[in-house]
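Colleague: Have a look at the structure that comes next, please.
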Amino acid sequence: MRLDRRALYALVLLLACASLGLLYSSTRNAPSLPNPLALWSPPQGPPRLDLLDLAPEPRYAHIPVRIKEQVVGLLAQNNCSCESKGGSLPLPFLRQVRAVDLTKAFDAEELRAVSVAREQEYQAFLARSRSLADQLLIAPANSPLQYPLQGVEVQPLRSILVPGLSLQEASVQEIYQVNLSASLGTWDVAGEVTGVTLTGEGQPDLTLASPVLDKLNRQLQLVTYSSRSYQANTADTVRFSTKGHEVAFTILVRHPPNPRLYPPSSLPQGAEYNISALVTIATKTFLRYDRLRTLIASIRRFYPTVTIVIADDSDKPERISDPHVEHYFMPFGKGWFAGRNLAVSQVTTKYVLWVDDDFVFTARTRLEKLVDVLEKTPLDLVGGAVREISGYATTYRQLLSVEPGAPGLGNCFRQKQGFHHELVGFPSCVVTDGVVNFFLARTDKVRQVGFDPRLNRVAHLEFFLDGLGFLRVGSCSDVVVDHASKVKLPWTAKDPGAETYARYRYPGSLDQSQVAKHRLLFFKHRLQCMTAE
């Protein structure tokens, strides 16, 4: 018995040593762990680019500064790169980062040509999307001029009163004078004050002068700006000056946002929300009609009259018999995101719930909770959780970011698990950037982002990348849908449709769809690489 115990102890010790050896082997080339208190540590390797923004003004050049490397490291370096981390063995207690170099989807000659074309398209995009409202303006110190910092807006070819203009001059002067200058519009006054001289009414440059400061300020309250150049969404940087002082502020020139409202619906007795009137369930199916019928049957247990929209690109489509199902057929193998676009295009309700065709509704699939979140918060989309046959449920909460790269190389896309913060008022919900393939969203917002039909095989997070900075995304772990089991019992008959589905859904290593996706991301989003952890 004693020998058996000794053998057991020796075996445990041997396993422990082996584990430590594997840990050392996988981490000996990795950078050392950062200080727990540090948010960032400078990367090992080539020195970073000089930060020109830290250069002093000439009058302050003689003053020494001690640079705080940890804080400087938090600033954009405009020189991003993607590197895998965590060693070759996927140990559960080590941070794993997978990196993909999108440039590998091109040969050298093609990469040079496509990079030039991409940069040309990028510059054209900047010209279209930027306006003077994006220009940095610095307010001067101790200026006697009072003016609006922001919030001045006019519709194209319309006129407004300009609020907040005033001269707060402390010294007594014989004549108080101010000047206004614009580039996309003209100045005028809605009324004339006796004792104030106006020069340039109806012109881009207007001068106002008076020996009485109060009269000048009363006249400034009546100044109007008129948009004279039709541009649907731009800004005019205007100048406001007096003797020895000049300031600039922007006047936004754009149409006000046009609302897309949905009429309120009557509530069923005792219900908080009329789900059938508020929500349409959308799905994309391909060959798996047994799974699709199981999904529909599970939905009908809890929501018997909610509309279900199906986009179907199967080779031999089968009819679905249900009075509240809209079944739309597509060319065979048209694609995953193309089907999403078709399904969402037919939704007429305020919200659309996206589900996979192999999901199963249960008592925990409470759409009322997701509707409540969107009704009471500014979120545009909220995901739930998907429960596997093992009992494990995932929300697939993802934090997404794009870091600037060196000129001409493109940016770096970062993806990691997590969330930004909890959603106030909803204890099981958080704010994040990407969620699992089970979400409720505002229909008009999903349409504005859209699903790129060029992604026809495997895609999901690309939708959230397209919506990054536009879609406000949340996730709730207490609204759960089941995922049908993928386990194939050996005694069941072979399903030719399932084999065809697997070839399309899970492309092999030699399949070109993954390369095509990398080429698309390289050009479309001006990316050079991406990492996931």
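Glycine too: its Cβ is placed from the backbone N, Cα and C atoms.
Sequence annotations record features per position, and here Swiss-Prot assigns topological domain 'Cytoplasmic' to 1-7 based on sequence analysis. Marked as transmembrane segment by Swiss-Prot: 8-25. According to Swiss-Prot, the topological domain 'Lumenal' annotation covers 26-533, on the basis of sequence analysis. Here Swiss-Prot flags ASN79, ASN179, ASN274 as N-linked glycosylation site. Residues or ranges marked as disulfide bond by Swiss-Prot: CYS429-CYS476.
If you look at the structure here, what lies around each of the features I listed?
Modeller: Its own atom aside, the Cβ of ASN79 (N-linked glycosylation site) has 16 Cβ atoms within 10 angstroms in the protein chains shown. When secondary structure is read from DSSP and collapsed to three states, ASN79 (N-linked glycosylation site) falls in the coil class.
In sequence order, ASP205, LEU206, THR207, LEU208, ARG239, PHE240, SER241, THR242 constitute the residues six or more apart from ASN179 (N-linked glycosylation site) in its chain with CB-CB distances below 8 Å.
DSSP assigns ASN274 (N-linked glycosylation site) to coil, not to a helix or a strand.
Mapped onto three states, the DSSP output places CYS429 (disulfide bond) in strand.
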Colleague: Which residues in the same chain, at least 6 apart in sequence, have a Cβ under 8 Å from the Cβ of ASN274 (N-linked glycosylation site)?
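Modeller: For ASN274 (N-linked glycosylation site), the qualifying residues are SER265, SER266, LEU267, PRO268.
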Colleague: Measuring Cα to Cα, tell me the gap between ASN79 (N-linked glycosylation site) and CYS476 (disulfide bond) in whole angstrom.
Modeller: 36
Colleague: By a simple count, how many Cβ atoms lie within 10 Å of the Cβ of CYS476 (disulfide bond), its own Cβ left out?
Modeller: 25
Colleague: As a test of reading the model: what is the averaged pLDDT for the topological domain 'Lumenal' (26-533)?
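Modeller: Mean per-residue confidence for the topological domain 'Lumenal' (26-533): 85 out of 100.
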Colleague: Including all protein chains shown, what's the count of other C-beta atoms within 10 A of the C-beta of CYS429 (disulfide bond)?
Modeller: 26
